[in-house]
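A.B. asks: Okay, so TrEMBL annotates it like this:
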DOMAIN    37-136  domain 'Purple acid phosphatase N-terminal'
DOMAIN    149-353  domain 'Calcineurin-like phosphoesterase'
DOMAIN    368-430  domain 'Purple acid phosphatase C-terminal'
SIGNAL    1-20  signal peptide
Amino acid sequence: MLRAAVIVGVVAVLASVSSAAPVLEGRMTDSSSFDPPTQVHLALGDTAGASMVVSWITTNASAGHVYYGTSKDKLNTRVEQLADAERYTFQSTYGEHYVSGLIHHAKIPNLAPLTKYYYRCGADGFGYSDVFSFTTPPVVGTSKFIFSVIGDLGQTANSSSTIEHIKSDPTTNLTVIVGDLSYADSAERTTPTRNCTQRRWDSWGELVEHVFANQPLMTLPGNHEIEQEGPPPATQEKFLAYQKRFRMPWKESGATNGNLYYSFEVGPVHFIMLNSYMDFDKGSQQYEWLLQDLKKVDRSVTPWLFASMHAPWYNSNVFHHNEPEETGMRAAMEDIMFKHNVDAIFSGHVHAYERMFPVYKNKTNPEAPTYLNIGDAGNREGPAYLYFPQPKWSAYREPAFGHGRVEIFNATHAHWTWHKNLNSEATVSDDVWLVRNAAIPSSPYKHGLTPLFGRTFDGFAPYKSF
(Lines of atoms letter the chains of each structure in order from A and count residues from 1; the text may use other names and numbers.)
(Lines give C-alpha, C1' and ligand atoms only; values in the text may rest on other atoms or scores of the structure.)
Protein backbone atom coordinates (compact mmCIF):
# COMPACT_ATOMS: atom_id res chain seq x y z
CA MET A 1 0.00 0.00 0.00
CA LEU A 2 1.19 3.47 -0.76
CA ARG A 3 0.90 4.82 2.74
CA ALA A 4 1.13 8.51 2.44
CA ALA A 5 1.67 11.45 0.33
CA VAL A 6 3.34 12.44 2.49
CA ILE A 7 -1.65 -0.64 32.33
CA VAL A 8 -0.93 -2.21 36.83
CA GLY A 9 -3.81 -0.17 37.37
CA VAL A 10 -7.12 0.59 38.61
CA VAL A 11 -9.98 -1.34 37.11
CA ALA A 12 -12.58 1.25 36.27
CA VAL A 13 -15.97 1.05 37.86
CA LEU A 14 -18.51 -0.42 35.47
CA ALA A 15 -22.08 0.59 35.81
CA SER A 16 -25.69 -0.48 35.82
CA VAL A 17 -28.42 1.57 34.23
CA SER A 18 -31.81 2.67 35.44
CA SER A 19 -34.41 4.96 33.90
CA ALA A 20 -35.75 6.52 37.07
CA ALA A 21 -36.47 10.21 36.72
CA PRO A 22 -33.66 12.20 38.34
CA VAL A 23 -33.92 14.69 41.14
CA LEU A 24 -30.84 16.85 40.71
CA GLU A 25 -29.91 19.16 43.51
CA GLY A 26 -27.46 21.18 41.47
CA ARG A 27 -25.63 23.89 43.40
CA MET A 28 -26.48 23.21 47.01
CA THR A 29 -26.46 25.90 49.64
CA ASP A 30 -25.36 23.69 52.55
CA SER A 31 -21.61 24.24 52.37
CA SER A 32 -20.89 21.43 54.85
CA SER A 33 -21.97 18.81 52.31
CA PHE A 34 -21.38 20.69 49.07
CA ASP A 35 -18.93 18.54 47.11
CA PRO A 36 -19.68 18.71 43.36
CA PRO A 37 -17.47 16.93 40.83
CA THR A 38 -14.34 18.55 39.44
CA GLN A 39 -11.91 17.57 36.68
CA VAL A 40 -14.60 15.84 34.61
CA HIS A 41 -13.34 14.10 31.49
CA LEU A 42 -14.40 11.40 29.05
CA ALA A 43 -12.86 8.36 27.40
CA LEU A 44 -14.25 5.71 25.10
CA GLY A 45 -15.55 2.88 27.25
CA ASP A 46 -14.88 -0.03 24.93
CA THR A 47 -12.88 -0.93 21.86
CA ALA A 48 -15.72 -0.07 19.48
CA GLY A 49 -16.75 3.33 20.85
CA ALA A 50 -20.28 2.23 21.82
CA SER A 51 -19.91 3.35 25.44
CA MET A 52 -18.38 6.30 27.25
CA VAL A 53 -16.51 6.45 30.55
CA VAL A 54 -17.11 9.55 32.65
CA SER A 55 -14.37 10.29 35.20
CA TRP A 56 -14.42 12.92 37.93
CA ILE A 57 -13.04 13.80 41.36
CA THR A 58 -14.73 14.76 44.61
CA THR A 59 -13.38 15.60 48.03
CA ASN A 60 -15.45 13.24 50.18
CA ALA A 61 -18.41 11.96 48.14
CA SER A 62 -17.50 8.28 47.75
CA ALA A 63 -20.69 7.37 45.88
CA GLY A 64 -21.69 8.84 42.56
CA HIS A 65 -23.66 8.41 39.39
CA VAL A 66 -24.32 9.93 35.98
CA TYR A 67 -27.62 11.14 34.57
CA TYR A 68 -27.74 11.33 30.80
CA GLY A 69 -30.06 11.64 27.80
CA THR A 70 -30.37 13.04 24.30
CA SER A 71 -32.04 16.23 25.54
CA LYS A 72 -30.37 18.70 27.86
CA ASP A 73 -33.63 19.09 29.75
CA LYS A 74 -34.37 15.36 30.00
CA LEU A 75 -31.50 13.55 31.66
CA ASN A 76 -33.72 10.60 32.48
CA THR A 77 -31.31 7.67 32.52
CA ARG A 78 -29.09 7.06 35.52
CA VAL A 79 -25.84 5.10 35.55
CA GLU A 80 -24.73 3.91 38.98
CA GLN A 81 -21.25 3.12 40.13
CA LEU A 82 -20.81 -0.43 41.28
CA ALA A 83 -18.10 0.47 43.80
CA ASP A 84 -16.99 3.46 45.78
CA ALA A 85 -14.41 5.78 44.31
CA GLU A 86 -10.85 5.58 45.60
CA ARG A 87 -7.93 7.80 46.53
CA TYR A 88 -4.22 7.39 46.03
CA THR A 89 -1.39 8.61 48.24
CA PHE A 90 1.90 10.03 47.00
CA GLN A 91 4.77 10.64 49.41
CA SER A 92 7.37 12.86 47.75
CA THR A 93 11.03 12.23 48.47
CA TYR A 94 11.35 15.95 49.13
CA GLY A 95 8.46 16.56 51.45
CA GLU A 96 5.06 16.68 49.76
CA HIS A 97 2.60 14.21 51.22
CA TYR A 98 -0.33 14.20 48.83
CA VAL A 99 -3.65 12.43 49.15
CA SER A 100 -5.83 12.69 46.09
CA GLY A 101 -9.51 13.39 46.02
CA LEU A 102 -11.88 10.50 45.46
CA ILE A 103 -11.57 9.42 41.83
CA HIS A 104 -14.74 8.16 40.15
CA HIS A 105 -15.25 6.24 36.89
CA ALA A 106 -18.66 5.27 35.52
CA LYS A 107 -19.50 3.79 32.15
CA ILE A 108 -22.48 4.81 30.00
CA PRO A 109 -23.26 1.75 27.84
CA ASN A 110 -25.14 1.01 24.62
CA LEU A 111 -24.88 4.44 23.03
CA ALA A 112 -26.23 5.13 19.55
CA PRO A 113 -23.63 6.20 16.98
CA LEU A 114 -23.30 9.79 15.79
CA THR A 115 -25.70 10.98 18.48
CA LYS A 116 -25.38 13.95 20.80
CA TYR A 117 -25.83 13.09 24.48
CA TYR A 118 -26.02 15.36 27.50
CA TYR A 119 -24.95 14.34 30.99
CA ARG A 120 -24.03 15.46 34.47
CA CYS A 121 -22.29 13.54 37.23
CA GLY A 122 -22.32 13.73 41.01
CA ALA A 123 -24.11 12.32 44.01
CA ASP A 124 -27.33 12.96 45.89
CA GLY A 125 -26.61 15.03 48.95
CA PHE A 126 -23.36 16.45 47.56
CA GLY A 127 -24.25 18.20 44.32
CA TYR A 128 -23.74 17.71 40.60
CA SER A 129 -21.52 18.96 37.84
CA ASP A 130 -22.62 21.29 35.11
CA VAL A 131 -24.37 19.66 32.16
CA PHE A 132 -21.84 18.58 29.55
CA SER A 133 -22.38 16.98 26.15
CA PHE A 134 -20.60 14.70 23.70
CA THR A 135 -21.25 13.26 20.26
CA THR A 136 -20.68 9.54 19.88
CA PRO A 137 -18.30 8.31 17.17
CA PRO A 138 -19.45 6.53 14.02
CA VAL A 139 -19.99 2.79 13.95
CA VAL A 140 -16.85 0.74 13.39
CA GLY A 141 -16.54 0.07 9.68
CA THR A 142 -18.03 3.33 8.46
CA SER A 143 -15.84 5.56 6.33
CA LYS A 144 -15.67 9.10 7.72
CA PHE A 145 -14.04 10.26 10.94
CA ILE A 146 -12.12 13.30 12.23
CA PHE A 147 -9.87 13.48 15.29
CA SER A 148 -7.12 15.64 16.80
CA VAL A 149 -3.63 14.57 17.91
CA ILE A 150 -1.43 16.36 20.46
CA GLY A 151 1.48 15.53 22.73
CA ASP A 152 3.38 17.05 25.66
CA LEU A 153 0.54 19.37 26.65
CA GLY A 154 1.41 20.72 30.09
CA GLN A 155 -0.46 23.69 31.54
CA THR A 156 0.85 26.96 30.18
CA ALA A 157 -0.65 29.77 28.12
CA ASN A 158 0.49 27.84 25.06
CA SER A 159 -1.28 24.72 26.37
CA SER A 160 -4.46 26.75 26.72
CA SER A 161 -4.16 28.04 23.17
CA THR A 162 -3.80 24.53 21.83
CA ILE A 163 -6.83 23.09 23.59
CA GLU A 164 -8.91 26.16 22.71
CA HIS A 165 -8.05 25.55 19.05
CA ILE A 166 -9.21 21.95 19.39
CA LYS A 167 -12.40 23.06 21.13
CA SER A 168 -13.13 25.63 18.42
CA ASP A 169 -13.19 22.95 15.71
CA PRO A 170 -16.78 21.64 15.72
CA THR A 171 -15.93 18.74 13.43
CA THR A 172 -13.60 16.88 15.81
CA ASN A 173 -15.13 14.67 18.49
CA LEU A 174 -12.06 12.86 19.86
CA THR A 175 -8.50 13.79 20.82
CA VAL A 176 -5.48 11.52 21.10
CA ILE A 177 -2.70 12.66 23.48
CA VAL A 178 0.58 10.81 22.94
CA GLY A 179 1.84 11.24 26.51
CA ASP A 180 3.21 13.91 28.88
CA LEU A 181 0.03 15.44 30.20
CA SER A 182 0.30 17.51 33.39
CA TYR A 183 4.09 17.73 33.99
CA ALA A 184 3.40 17.24 37.69
CA ASP A 185 6.86 15.69 38.00
CA SER A 186 8.67 18.84 36.91
CA ALA A 187 6.85 21.51 38.88
CA GLU A 188 9.78 22.09 41.24
CA ARG A 189 13.33 22.28 39.91
CA THR A 190 15.21 23.22 43.08
CA THR A 191 15.51 19.64 44.32
CA PRO A 192 18.23 17.14 43.35
CA THR A 193 15.70 15.26 41.22
CA ARG A 194 12.44 16.41 39.72
CA ASN A 195 10.01 16.80 42.59
CA CYS A 196 6.55 15.42 41.90
CA THR A 197 3.91 17.95 42.86
CA GLN A 198 0.68 15.99 42.54
CA ARG A 199 -1.47 19.08 42.96
CA ARG A 200 -0.42 19.86 39.39
CA TRP A 201 -2.59 16.95 38.28
CA ASP A 202 -5.57 18.69 39.86
CA SER A 203 -4.85 22.02 38.21
CA TRP A 204 -4.35 20.24 34.87
CA GLY A 205 -7.68 18.43 35.25
CA GLU A 206 -9.39 21.75 35.85
CA LEU A 207 -7.61 23.34 32.88
CA VAL A 208 -8.79 20.76 30.35
CA GLU A 209 -12.24 19.97 31.77
CA HIS A 210 -14.14 22.36 29.50
CA VAL A 211 -12.76 20.52 26.46
CA PHE A 212 -12.47 16.89 27.52
CA ALA A 213 -15.73 16.77 29.44
CA ASN A 214 -17.27 17.27 26.00
CA GLN A 215 -15.19 14.91 23.87
CA PRO A 216 -13.30 11.72 24.70
CA LEU A 217 -9.61 11.95 25.49
CA MET A 218 -7.61 8.86 24.56
CA THR A 219 -4.13 8.94 25.99
CA LEU A 220 -0.99 6.95 26.69
CA PRO A 221 1.84 7.48 29.20
CA GLY A 222 4.97 9.50 28.51
CA ASN A 223 8.11 9.83 30.58
CA HIS A 224 6.50 12.55 32.71
CA GLU A 225 3.82 10.07 33.81
CA ILE A 226 6.37 7.65 35.31
CA GLU A 227 6.68 9.71 38.52
CA GLN A 228 8.85 7.16 40.30
CA GLU A 229 10.62 9.91 42.15
CA GLY A 230 13.95 9.79 43.93
CA PRO A 231 17.09 7.67 43.88
CA PRO A 232 16.86 3.88 44.18
CA PRO A 233 15.04 2.34 45.84
CA ALA A 234 12.22 4.46 44.44
CA THR A 235 9.30 4.84 46.81
CA GLN A 236 6.43 5.20 44.39
CA GLU A 237 4.66 2.86 42.00
CA LYS A 238 5.35 3.81 38.38
CA PHE A 239 2.54 5.62 36.57
CA LEU A 240 0.52 5.81 39.80
CA ALA A 241 -1.43 9.02 39.11
CA TYR A 242 -1.89 8.16 35.43
CA GLN A 243 -3.31 4.73 36.26
CA LYS A 244 -5.70 6.11 38.87
CA ARG A 245 -7.00 9.18 37.08
CA PHE A 246 -7.78 7.68 33.67
CA ARG A 247 -9.72 4.69 32.44
CA MET A 248 -8.82 3.55 28.92
CA PRO A 249 -10.31 0.39 27.31
CA TRP A 250 -7.30 -1.78 28.16
CA LYS A 251 -9.22 -4.74 29.52
CA GLU A 252 -11.60 -4.70 26.57
CA SER A 253 -8.64 -4.90 24.17
CA GLY A 254 -7.02 -7.87 25.88
CA ALA A 255 -4.28 -6.04 27.81
CA THR A 256 -3.42 -6.88 31.41
CA ASN A 257 -1.51 -3.85 32.72
CA GLY A 258 -4.11 -1.15 33.10
CA ASN A 259 -3.90 1.97 30.96
CA LEU A 260 -0.29 1.32 29.93
CA TYR A 261 -1.11 -0.03 26.45
CA TYR A 262 -4.35 -0.86 24.66
CA SER A 263 -6.22 -0.50 21.37
CA PHE A 264 -9.60 0.76 20.22
CA GLU A 265 -11.56 1.27 17.02
CA VAL A 266 -13.57 4.21 15.75
CA GLY A 267 -15.22 4.29 12.34
CA PRO A 268 -12.60 3.21 9.78
CA VAL A 269 -9.62 3.28 12.17
CA HIS A 270 -7.91 0.77 14.43
CA PHE A 271 -5.77 2.66 16.98
CA ILE A 272 -2.86 1.04 18.85
CA MET A 273 -1.55 2.84 21.95
CA LEU A 274 1.87 1.67 23.18
CA ASN A 275 4.16 2.42 26.13
CA SER A 276 7.77 3.50 25.54
CA TYR A 277 8.64 3.17 29.26
CA MET A 278 7.94 -0.46 30.07
CA ASP A 279 9.35 -3.67 28.62
CA PHE A 280 8.83 -3.75 24.86
CA ASP A 281 11.41 -6.33 23.77
CA LYS A 282 10.46 -9.45 21.86
CA GLY A 283 8.78 -11.86 24.23
CA SER A 284 7.58 -9.15 26.62
CA GLN A 285 3.90 -8.87 27.54
CA GLN A 286 3.56 -5.67 25.56
CA TYR A 287 5.24 -7.14 22.47
CA GLU A 288 3.15 -10.32 22.55
CA TRP A 289 -0.03 -8.30 23.08
CA LEU A 290 0.88 -6.13 20.07
CA LEU A 291 1.38 -9.19 17.88
CA GLN A 292 -2.02 -10.56 18.81
CA ASP A 293 -3.72 -7.19 18.40
CA LEU A 294 -2.26 -6.71 14.91
CA LYS A 295 -3.41 -10.18 13.89
CA LYS A 296 -6.98 -9.37 14.93
CA VAL A 297 -7.27 -6.24 12.77
CA ASP A 298 -9.71 -6.72 9.89
CA ARG A 299 -8.66 -4.23 7.23
CA SER A 300 -11.92 -4.75 5.34
CA VAL A 301 -13.68 -3.25 8.38
CA THR A 302 -11.05 -0.81 9.68
CA PRO A 303 -8.82 -0.11 6.66
CA TRP A 304 -6.80 2.53 8.51
CA LEU A 305 -4.26 1.35 11.08
CA PHE A 306 -2.57 3.94 13.30
CA ALA A 307 -0.11 3.41 16.15
CA SER A 308 1.11 5.79 18.85
CA MET A 309 3.85 5.82 21.47
CA HIS A 310 5.52 8.67 23.33
CA ALA A 311 9.17 8.38 22.27
CA PRO A 312 9.63 8.81 18.49
CA TRP A 313 11.36 6.16 16.41
CA TYR A 314 12.52 8.74 13.87
CA ASN A 315 13.63 12.22 14.92
CA SER A 316 16.12 14.68 13.41
CA ASN A 317 15.97 17.08 16.36
CA VAL A 318 18.98 17.29 18.69
CA PHE A 319 16.69 16.90 21.70
CA HIS A 320 15.83 13.32 22.70
CA HIS A 321 17.76 12.00 19.75
CA ASN A 322 18.23 8.21 19.67
CA GLU A 323 17.36 7.63 23.31
CA PRO A 324 17.25 3.96 24.42
CA GLU A 325 13.44 3.92 24.51
CA GLU A 326 13.40 5.08 20.90
CA THR A 327 16.09 2.89 19.36
CA GLY A 328 15.20 -0.14 21.47
CA MET A 329 11.49 -0.07 20.75
CA ARG A 330 12.11 0.52 17.07
CA ALA A 331 14.51 -2.42 16.93
CA ALA A 332 11.90 -4.66 18.55
CA MET A 333 8.78 -3.51 16.73
CA GLU A 334 9.59 -1.79 13.44
CA ASP A 335 9.52 -5.02 11.45
CA ILE A 336 6.07 -6.05 12.65
CA MET A 337 4.66 -2.56 12.06
CA PHE A 338 5.97 -2.75 8.51
CA LYS A 339 4.73 -6.32 8.01
CA HIS A 340 1.22 -5.39 9.11
CA ASN A 341 1.09 -2.26 6.96
CA VAL A 342 0.61 0.32 9.69
CA ASP A 343 -0.33 3.56 7.93
CA ALA A 344 0.92 6.21 10.35
CA ILE A 345 2.71 6.38 13.70
CA PHE A 346 2.22 9.36 16.05
CA SER A 347 4.72 10.28 18.78
CA GLY A 348 5.60 13.13 21.12
CA HIS A 349 8.53 13.70 23.52
CA VAL A 350 10.37 16.13 21.20
CA HIS A 351 8.89 19.60 21.60
CA ALA A 352 8.73 20.38 17.92
CA TYR A 353 6.71 19.24 14.94
CA GLU A 354 8.23 16.89 12.38
CA ARG A 355 6.70 14.83 9.60
CA MET A 356 8.65 12.04 8.01
CA PHE A 357 8.30 10.53 4.58
CA PRO A 358 7.25 6.88 4.74
CA VAL A 359 10.41 5.31 6.15
CA TYR A 360 11.68 1.85 7.05
CA LYS A 361 15.14 0.99 8.36
CA ASN A 362 16.28 4.61 7.87
CA LYS A 363 15.37 4.65 4.18
CA THR A 364 12.35 6.17 2.50
CA ASN A 365 9.97 3.47 1.38
CA PRO A 366 6.47 4.10 -0.03
CA GLU A 367 5.23 0.91 1.65
CA ALA A 368 6.29 2.04 5.13
CA PRO A 369 4.41 4.01 7.80
CA THR A 370 4.42 7.80 7.82
CA TYR A 371 5.86 9.07 11.13
CA LEU A 372 4.42 12.22 12.72
CA ASN A 373 6.08 13.79 15.77
CA ILE A 374 3.62 16.05 17.54
CA GLY A 375 5.10 16.74 21.01
CA ASP A 376 4.46 20.47 20.67
CA ALA A 377 1.17 21.14 22.43
CA GLY A 378 2.49 23.76 24.85
CA ASN A 379 4.51 22.32 27.73
CA ARG A 380 6.58 24.52 30.08
CA GLU A 381 9.95 23.38 28.69
CA GLY A 382 9.48 25.30 25.42
CA PRO A 383 10.08 24.40 21.77
CA ALA A 384 13.11 22.35 20.72
CA TYR A 385 14.96 24.56 18.26
CA LEU A 386 18.14 22.62 17.52
CA TYR A 387 18.30 20.22 14.59
CA PHE A 388 20.77 17.95 12.91
CA PRO A 389 21.15 18.38 9.13
CA GLN A 390 17.87 17.23 7.64
CA PRO A 391 17.92 13.52 6.70
CA LYS A 392 16.39 12.32 3.45
CA TRP A 393 13.53 10.73 5.37
CA SER A 394 12.52 14.02 7.06
CA ALA A 395 9.84 15.81 5.04
CA TYR A 396 8.92 18.86 7.16
CA ARG A 397 9.98 20.17 10.57
CA GLU A 398 9.21 23.28 12.61
CA PRO A 399 9.90 24.11 16.29
CA ALA A 400 6.55 25.64 17.20
CA PHE A 401 3.53 24.81 19.34
CA GLY A 402 0.39 23.43 17.73
CA HIS A 403 -1.81 20.41 17.13
CA GLY A 404 -2.57 17.87 14.43
CA ARG A 405 -5.85 16.94 12.79
CA VAL A 406 -6.73 13.82 10.78
CA GLU A 407 -9.76 13.81 8.51
CA ILE A 408 -10.59 10.41 7.03
CA PHE A 409 -12.81 10.55 3.99
CA ASN A 410 -13.05 6.90 3.00
CA ALA A 411 -11.01 3.69 2.89
CA THR A 412 -8.37 5.23 0.63
CA HIS A 413 -7.96 8.91 1.50
CA ALA A 414 -7.17 10.77 4.71
CA HIS A 415 -5.99 14.36 5.11
CA TRP A 416 -3.42 15.37 7.75
CA THR A 417 -2.97 18.99 8.80
CA TRP A 418 -0.68 20.50 11.41
CA HIS A 419 -2.02 23.72 12.94
CA LYS A 420 0.62 26.03 14.38
CA ASN A 421 -0.25 28.34 17.28
CA LEU A 422 0.37 31.77 15.79
CA ASN A 423 -0.74 34.88 17.67
CA SER A 424 -3.51 32.87 19.35
CA GLU A 425 -4.69 31.59 15.97
CA ALA A 426 -4.38 28.04 14.63
CA THR A 427 -2.60 28.38 11.28
CA VAL A 428 -2.21 25.40 8.96
CA SER A 429 1.53 25.12 8.33
CA ASP A 430 1.76 21.58 6.97
CA ASP A 431 -0.80 19.41 5.25
CA VAL A 432 -0.57 16.19 3.33
CA TRP A 433 -2.68 13.37 1.94
CA LEU A 434 -2.41 9.84 3.22
CA VAL A 435 -3.49 7.45 0.49
CA ARG A 436 -3.96 3.71 0.74
CA ASN A 437 -5.34 0.84 -1.33
CA ALA A 438 -8.84 -0.25 -0.34
CA ALA A 439 -9.07 -2.94 -3.01
CA ILE A 440 -6.37 -4.94 -1.20
CA PRO A 441 -6.71 -3.58 2.33
CA SER A 442 -3.79 -5.43 3.85
CA SER A 443 -1.40 -4.94 0.93
CA PRO A 444 0.60 -1.96 -0.33
CA TYR A 445 0.15 -0.21 -3.61
CA LYS A 446 2.29 -1.70 -6.36
CA HIS A 447 1.63 0.81 -9.12
CA GLY A 448 5.18 2.12 -9.20
CA LEU A 449 4.29 5.79 -8.95
CA THR A 450 6.64 8.11 -7.10
CA PRO A 451 4.91 9.43 -3.97
CA LEU A 452 4.47 13.19 -3.85
CA PHE A 453 4.21 15.24 -0.70
CA GLY A 454 2.41 18.52 -0.31
CA ARG A 455 -1.00 20.08 -0.67
CA THR A 456 -2.16 17.63 -3.33
CA PHE A 457 -1.24 14.05 -4.09
CA ASP A 458 -0.83 12.43 -7.47
CA GLY A 459 -3.10 14.96 -9.13
CA PHE A 460 -6.04 14.51 -6.78
CA ALA A 461 -8.36 17.45 -6.21
CA PRO A 462 -8.48 19.39 -2.93
CA TYR A 463 -9.78 17.44 0.01
CA LYS A 464 -13.23 19.01 0.05
CA SER A 465 -14.17 17.08 -3.09
CA PHE A 466 -13.84 13.69 -1.39
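Each Cβ is built from the backbone N, Cα and C atoms, and glycine gets one as well.
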A.B. asks: Reported in the order helix, strand, coil, what are the DSSP residue counts of the domain 'Purple acid phosphatase C-terminal' (368-430)?
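C.D. replies: Within the domain 'Purple acid phosphatase C-terminal' (368-430) the tally stands at 0 helix, 34 strand, 29 coil.
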A.B. asks: So, by DSSP, how many helix, strand and coil residues make up the domain 'Purple acid phosphatase N-terminal' (37-136)?
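C.D. replies: Per-class counts: 0 helix, 54 strand, 46 coil.
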A.B. asks: Express the predicted model's confidence over the domain 'Calcineurin-like phosphoesterase' (149-353) as a mean pLDDT, rounded to an integer.
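C.D. replies: Across the domain 'Calcineurin-like phosphoesterase' (149-353), the average pLDDT comes out at 93.
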